[in-house]
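K.L.:
This is the structure, below, for whatever I ask next.
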Amino acid sequence: MIKSALLVLEDGTQFHGRAIGATGSAVGEVVFNTSMTGYQEILTDPSYSRQIVTLTYPHIGNVGTNEADEESSQVHAQGLVIRDLPLIASNFRNTEDLSSYLKRHNIVAIADIDTRKLTRLLREKGAQNGCIIAGDSPDAKLALEKAKAFPGLNGMDLAKEVTTAETYRWTQGSWTLKDGLPEAKSEDDLPFHVVAYDFGAKRNILRMLVDRGCRLTVVPAQTSAEEVLKMNPDGIFLSNGPSDPAPCDYAIEAIKKFLQTDIPVFGICLGHQLLALASGAKTVKMKFGHHGGNHPVKDMDRNVVMITAQNHGFAVDEDSLPANLRVTHKSLFDGTLQGIHRTDKPAFSFQGHPEASPGPHDAAPLFDHFIELIKHYRSSAK
């Protein structure tokens with residue numbers, strides 16, 4: 001039986017469609033993502049916590065879902081908005097269609113709405129709070145009340161909500177078409193010990209580190225610098241994550257202590273913003289953020305353009321950079337800051353999401369640079 005669904009934005013705009021997920025309601029900040037593929041990775045990316053994701057590509061669900069493509073152990077997106085759900089999921093890796101997957105994870109979703117209109121509205125007015133209600137006779141008044149009551153992401157610390165509860169080891173490399181997901185590697189085959197802070201880490205980013213010889217100790221977001229330094233890491237990785245970096249004072253203080261050492265530090269997304277804050281810069285909330293797999297970014301050092309995956313609603317304010325932070329990357333969409341490098345320490349960061357799968361691989365050299373810094377640190381420490 002087909003059930004109705006309704007999306008209402010905080011400005012009162014309504015979109016009527018049909019429910020393709022769980023019955024109930026979902027409230028969050030409505031954003032749009034321009035990726036053509038990777039919807040399962042998007043749904044399970046912890047960076048989308050408290051967000052309702054609109055996918056601009058018209059056909060979503062063509063290839064179904066499978067366990068190997070999950071970026072974390074659960075769906076983190078608050079809700080899903082799409083134009084059309086295909087009747088058939090066709091792929092040799094498919095184990096469950098998208099609608100069944102959403103229902104199993106209790107995710108409210110709506111289809112058959114004008115996603116182009118919604119995206120243009122969000123671009124013009126900025127990201128808005130919204131509410132999806134799915135079921136018999138959705139109540140528009142109730143949806144509007146819930147949308148207006150949502151506090152928004154500004155000032156909200158979600159990293160400590162999505163982080164791991166316990167420290168764990170990670171030694172699995174990346175998926176390949178020939179062999180699929182590999183078995184975990186022996187730690188004897190991984191010469192570099194990297195401590196990875198989980199602010200909402202994606203599995204594929206961890207896999208890219210393992211591909212380059214790193215054995216990972218993944219720690220909760222609120223782990224102290226003293227605990228990490230006792231682990232004698234060769235490098236420290238600051239992961240991606242959701243929401244506003246400014247309230248994460250525990251992470252900022254830990255990073256400040258790492259910057260008093262010569263241990264290499266590499267930050268991605270939220271980790272990039274936290275490194276900037278720990279170095280004395282400031283961050284700002286963006287109008288509608290960057291969400292997609294086709295964002296051009298200029299590498300200022302190499303004078304080349306990279307196509308990158310992006311997922312962030314906050315950015316580092318370039319005007320606030322102290323003298324010891326050098327700009328390395330800038331967005332060619334809006335000129336916002338995309339990368340920094342400390343001039344006095346082996347620490348650098350990138351705003352986008354270097355991807356193992358399914359996104360672009362242009363930013364992979366950033367991982368290679370991290371390994372170069374680790375090798376130099378190890379040789380200098382001897």
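In case you wondered, yes, glycine gets a Cβ from its N, Cα and C as well.
Remember, it's a predicted structure, so these values are computed and weren't measured experimentally.
For reference, Swiss-Prot lists these features for the protein:
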REGION    1-189  region 'CPSase'
BINDING   Ser47, Gly241, Leu270, Gln273, Asn311, Gly313, Phe314  L-glutamine binding site
DOMAIN    193-380  domain 'Glutamine amidotransferase type-1'
ACT_SITE  Cys269  active site, nucleophile
ACT_SITE  His353  active site
ACT_SITE  Glu355  active site
K.L.:
Cα-Cα separation of Ser47 (L-glutamine binding site) and His353 (active site), in Å?
P.N.:
11
K.L.:
If you count Cβ atoms within 10 Å of each one, which of the binding-site residues Gly241, Gly313 comes out on top?
P.N.:
Gly241
K.L.:
Which whole-number value in Å describes the distance between the Cα atoms of Cys269 (active site, nucleophile) and His353 (active site)?
P.N.:
7
K.L.:
Give the number of CB atoms, excluding that of Ser47 (L-glutamine binding site) itself, located within 10 Å of its CB.
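P.N.:
For Ser47 (L-glutamine binding site), the 10 Å Cβ neighbour count is 29.
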K.L.:
Excluding Ser47, Gly241, Leu270, Gln273, Asn311, Gly313, Phe314, please set out which residues of the same chain place their CB within 8 Å of the center of the CB atoms of the L-glutamine site, keeping sequence order.
P.N.:
Asn240, Pro242, Ser243, Pro245, Cys269, His312
K.L.:
Taking DSSP three-state, what's Asn311 (L-glutamine binding site) in: helix, strand or coil?
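P.N.:
For Asn311 (L-glutamine binding site) - judged by DSSP and reduced to three states - the answer is strand.
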K.L.:
List, in sequence order, those binding-site residues among Gln273, Asn311, Gly313 whose Cα sits within 10 Å of the Cα of His353 (active site).
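P.N.:
The binding-site residues close to His353 (active site) (Cα within 10 Å), listed in sequence order, are Asn311.
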K.L.:
Could you state, as a whole number of Å, the largest distance between Cα atoms of any two of Ser47, Gly241, Leu270, Gln273, Asn311, Gly313, Phe314, the listed L-glutamine binders?
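P.N.:
Looking at Ser47, Gly241, Leu270, Gln273, Asn311, Gly313, Phe314 as a set, their Cα atoms extend up to 13 Å apart.
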K.L.:
Could you say which of the binding-site residues Gln273, Asn311 has its Cβ with the most other Cβ atoms inside 10 Å?
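P.N.:
The most densely surrounded of these binding-site residues is Gln273.
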K.L.:
Give me the long-range Cβ neighbours of Leu270 (L-glutamine binding site): same chain, 6+ apart, Cβ under 8 Å, in sequence order.
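P.N.:
In sequence order, the residues whose Cβ lies under 8 Å from that of Leu270 (L-glutamine binding site) (at least 6 apart) are Ser47, Ala159, Phe199, Gly200, Leu238, Ser239, Asn240, Gly241, Pro242, Ser243, Pro245, Cys248, His312.
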K.L.:
Suppose we draw a 10 Å sphere around the Cβ of Cys269 (active site, nucleophile). How many other Cβ atoms does it contain, all chains included?
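P.N.:
Looking across every protein chain shown, the total is 31.
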